[in-house]
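**Q** Please find one structure pasted underneath; my questions will follow.
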Amino acid sequence: MHPRFATSSVMDVDVFRLGLAVQGCFIPTEDIHCTDMHCMHCTDSFPKSYNMWYLCAVFPAGAGGWAPVESNKYQWLEVDLGERTEITAVATQGRYGSSDWVSSFLLMFSDTGCNWKQYRQEDNIRAFTGNSNADSVVQFKLQQPVFARFLRLLPLDWNPNGRIGLRLEAYGCPYKSDVARFDGSSCLLYRFSPNPTSSQTAKDIISLKFKTLQNSGTLIHTEGQDHTITLELHKGKLLLHLRKDKSVSPGPESHMVVSLGSLLDDQHWHHVAIERFSGHLNFTVDKSSQQIQVRTCWNINFGLMFFHKISYGGVQCHGSQRVMSRRNFHGCLENLLWNDVNVIDLAKQQQQVSITGNVTFTCAEPVSVPVTFAGAQSFLQLPGAAQHLQFRTWNRAGLLLTFDLQQQAGSLWLYLSEARVRLQVHKAGGYTILVDVTAGFGLNDGQWHSIDLTARRGHLTITVDKEEDSTAHASPSFPVVSGNNLFFGGCPDSENNQECRNPFNVFQGCMRHIHVDNNAVDLIKVQQMLIGNYSDLQIDMCGIIDRCSPSHCEHGGRCTQSWSTFHCNCSNTGYSGATCHSSVYEKSCEAYKHQGNTSGLYYIDVDGSGPIKSQLIYCNMTDKTWLVIQHNNTELTKLKASSGINQHLAYFNYSADAEQLWAIITQAEHCEQEVLYHCRKSLLLNTPDGSPFTWWVGRTDEPQTYWGGAVPGSQQCGCGLQGNCIDSDHYCNCDADRKEWATDSGLLTHKENLPVRWVVVGDIQRPGSEAAYKVGPLKCHGDKNFWNAAFFNKETSYLHFPTFHGELSADISFLFKTTAASGVFLENLGIKDFIRVELTPTEVVFSFDVGNGPFEVRVETGDVALNDDRWHRVRAERNVKEASLRVDGFPNATQKAPADGHIHLQLNSQLFVGGTASRMKGFLGCIRSLQLNGRTLDLEERAKITPGVRPGCPGHCSSYGELCQNQGRCVEMYNGFSCDCGLSAYAGPFCQREVSADFKPGTSVQYTFKEPYELNRNISTQSSSIYSDLKLRGENVSFSFRSSQSPALLLYVSSYYREYLAVLLNRNGYLDVKYKLQNSRDAEVFRTSVRNLANGQLHRVSIRRLSETVSVQVIYSLTVQGIYYVTVQVTYLTYSVPIQSGELDPEIARLNSQGFSGCLSVVQFNSVAPLKAALLYPNTSPVVVIGSLAESTCGSPSPANPYPAETTHSLSDHLGTVGTGELIVNAIKSDSALIGGVIAVVIFVILCALAIMARFLYRRKETFHTQEPQGIKPEADSPEYPFHSEPNSQNILSENQKEYFI
């Protein structure tokens, strides 16, 4: 049997004659005998056991090959294989003994010789690379075999110094199949064997192939005892319906729908398989697969126990229909298999299969010839008058049809605008619109749509999809009759073209069923240049592809497309980038903290670009960064004895789902959850030997019989482990079974068992039994990944990890610091592909190759050196649309991927970190927090066993030290750093939180410096005492205040002698600074000219004196209105007799008696913060507090936002830089000469009863506090602070926040 050749045009006479000398051969491999050196034997590329054939179209020496007379883009070579065949590979050569060869080509296939389909590699590449000379053979093994009878090759490029010349080989296997054709009203019903050998199989498979021109119809339907499965083609997509009887499973879970595939109504064969295995279904359409996790209540099984019959092609074969389908299937089905049963073969034998309607066992296909308008130069020109056409496209705009009216009366345009059909008639010679109508909507959905154009007797009508609702009418006063030519899709690009103008976009899409003058246009004749004219068209094929199926948009991004590209809408997904791949949120609270953020709610994406969704979580930024996850019942729940109730069961629903929780717990260094049991005559664990009455279940789904403070498996409470239970015979206080109330509480800290998912309380049925339990929120701190680092101290050293798999999307992020100018951060190689990130002296380079040649993205840093031994962050991403690179806060660098290139990154070597496989250009320095596609590589563990690499990396303060504000001191730690706020008037993890207080009448704070003999016992460099044998040469005083009262005393500092400093508001609200440095001279008053400061707004004051120079700075309402410098001649302080309280300056005494109404914040005198000491460390600092004193937020410049993460998630993208947007007043360390003398710092603050202002302040404060976390205690400063205490680090969220999580 010999294949037949066809060509697009007359071939060269000599070549054609030589070509006949040796015709193509179609023979088994064992019978191949070729003496020609160019005739390849199949076993060179395939095993001998593979029963293959090959088509030999090469020609012996002197024979030549195929060469058309004209070399242009309209030539093609077609091969008729005689019957459908499995084609697995092709090979090409140039024409023998010539300079003629094809350098690139398209490959197309068809079953009928019409309606061709283009073969694509990776769904993206349409062109094959051909030959570079006339003799060498280039072979392509097809990634997916083609099943077709006809094969067509279309040259795209050829040797510019020769012409098109080709010799062709095709490899494949015989293909046999059973087909059945359904006419839209027929179906097959297959009944299972009445004598099953087993009631249930472990695995079931239903598979078939189908082809159709109709976009809807039912392919498979089967009904079980209480559920059904339906496979339906709907608008060119396959929908798999899983329905369960609502009486068994009410609600939305009773119906599952899975969609797969697109544009399946193209009259080409498509493969479908539904496979059941264990608890899931695998649904496959062509090359796309989706796994469906079937709920346990479904018990899906295609076998005999659950289904007794399967209907193909429709639903009515079942008789009683539970599901009404839109229509039956109209088209051909092939190889219908249920497990190993061939249903069509049984139908032919009339065994176990009944036929309804007209089912034939051949596939007679209707002829439909589409045409593709692919580019800007595409157009089709035909004579006559148009009445009908069909089109499909993804574009919202484009010209469909235009023609000039007879007698040059004007022009008609039929085009798409905003996905609607619009018809306009313009008057000749101008832009006057005579007719303007629209019809249809949403016509860019990729489906076939029809347009009927009718013009008769002064009436013009356009109808879309033959629907009345999509019909538009017009009544022009002139006849709408076309002139000489119709132009479809566009206009000829010619200066001499006077017939066609296109003021709109060109059409990109497919057309078919074009009717002119009441006759269907034969597009094959157009292709043969027998009628009409065209340019840049693909005739007899529709080249539309669905770039959104499968979608490359990740994490729920919505895919939209045009003819040539797609776009991902990432709105409200929490991800960004061209494919919504990279998370916009950080992976932990630790990461947010080290960007300078404070406590609040933040979105946490624990696996970055991985599949786990982000979650809004509360971050408590104290000395440790706590992540707090609430659940639905954190309050104390009381229980009493009740008849008929033996147990109480409580479930806890967390604000994060199970997958998020487990990832968070795994990543954290420490997690804990408080449990409490309050009891009276209610046993807890029934120790020492009884069965527990109460237990809880955590992550492992196993009952846990230990309580807070104890260890797993101990069946003890915390008191039992510590040996201090109220009854030594029991290991829990409640197990003493006393009538008095007792409590067992403690922390559960074993991460493997957390969180607590439910609790069972058992001993509540006895008379007199009472109990209450409480399960606190889950709290975790530390991020094992954030500080995971390795130090490379040799250029030849590196770490290696398993191959990085990022075929379609790859993101790489890490931090580095180095003193070297260049080096490779990481590299992974494939056979040809690779991916690499490296440092050069002036830039960071991200390079890779996915088969299209090396591709580079560079970020140049200019004059900013990256080898400054500070941490720098690198983020690189590559996806099917683009590659991007970001370094610190520099602008992103982005490069677009080729439109028709390879998209799969195929790597096979190990991943090298800190070097390369060749050990060249190694990296010297530290790499930290290396994450690939959201997964953190454990650099420290691998570094422990690798020579030349050390785990961890010191020196964080060089990069993060600037986060410590307001004289906070950065302290190095093994994993990270901390801020010591001992010398600052501020508190918080970065010394940025104002310490403020509102004072009530009668309240005062007195801070007394220690005597010299007392300080001898404490020689800390942070000591603030002043030795009396030295002179006080200067002081730095700063504070903030808010008041509506004048006059008022703000601050008073005195020595044991008559020298003093007083800061006050005079009766006009101006600020006065009063200094007295000598007994023999009167006090000097320095008055600022800032307008009234007693306006209820926050102001900041800074007073600095050095020797004889005094400067006063006032920041009015947090905006600098003026800085006032006053220079005076003063003498040094001398010390004589301590001043007595009765010797106060009369004015100061009067103001002291009147009191002060307002707020004081961040008060600092030299290195002492007296207000902070009184509020946070009253028991360990030399302060005396009279009256009621409590910390407040009155010193905040504006009400704090309790939900900062909702609007801002990062104060700075550039590490080492933080912008707070506030002007911070810094205190300066006192001169060493200040260490001497004994003075007293007395702050007299008395709140007056100004009712209106007090109510106003109270309301503002109350409004703010309703949104703030309740009960958050002051944050601890550095442990080295001399008045350090141990504040409670546990936080309880406000009620509003609890409700939010619910």
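Any Cβ shown, glycine's included, is placed from N, Cα and C.
Whatever TrEMBL says is automated annotation, not expert-curated.
Got these off TrEMBL a minute ago, pasting:
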{"type": "COMPBIAS", "residues": "1286-1295", "note": "compositional bias 'Polar residues'"}
{"type": "DISULFID", "residues": "Cys926-Cys953", "note": "disulfide bond"}
{"type": "DOMAIN", "residues": "66-173", "note": "domain 'F5/8 type C'"}
{"type": "DOMAIN", "residues": "179-363", "note": "domain 'Laminin G'"}
{"type": "DOMAIN", "residues": "360-542", "note": "domain 'Laminin G'"}
{"type": "DOMAIN", "residues": "544-581", "note": "domain 'EGF-like'"}
{"type": "DOMAIN", "residues": "580-631", "note": "domain 'Fibrinogen C-terminal'"}
{"type": "DOMAIN", "residues": "788-953", "note": "domain 'Laminin G'"}
{"type": "DOMAIN", "residues": "954-992", "note": "domain 'EGF-like'"}
{"type": "DOMAIN", "residues": "1014-1194", "note": "domain 'Laminin G'"}
{"type": "REGION", "residues": "1267-1295", "note": "region 'Disordered'"}
{"type": "TRANSMEM", "residues": "1233-1258", "note": "transmembrane segment"}
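Can you tell me where each of these features sits in the structure?
**A** All protein chains included, Cys926 (disulfide bond) registers 23 other Cβ atoms within 10 Å of its own Cβ.
Under DSSP, the residues of the domain 'F5/8 type C' (66-173) split into helix, strand and coil as follows: 0 helix, 64 strand, 44 coil.
Confidence over the domain 'Laminin G' (360-542), given as mean pLDDT on the 0 to 100 scale, stands at 91.
Beyond the ends of the domain 'EGF-like' (544-581), by six or more residues, the same chain brings 120, 123, 237, 261-263, 288, 372, 374, 392-396, 446, 508-510, 603, 605, 609, 611, 613-614, 808-809, 811, 877, 879-882, 884, 899 to within a C-beta distance below 8 angstroms of the stretch.
Note: the domain 'Fibrinogen C-terminal' (580-631) comprises 5 helix, 21 strand, 26 coil (DSSP; helix = H, G, I, strand = E, B).
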**Q** Restricting to the same chain and to sequence separations of six or more, state which residues have a Cβ under 8 Å from that of Cys953 (disulfide bond).
**A** Ala789, Ala790, Phe791, Lys817, Cys926, Arg928
**Q** Just give the helix, strand and coil counts over the domain 'EGF-like' (954-992), going by DSSP.
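**A** Counting residues by DSSP class gives 7 helix, 11 strand, 21 coil.
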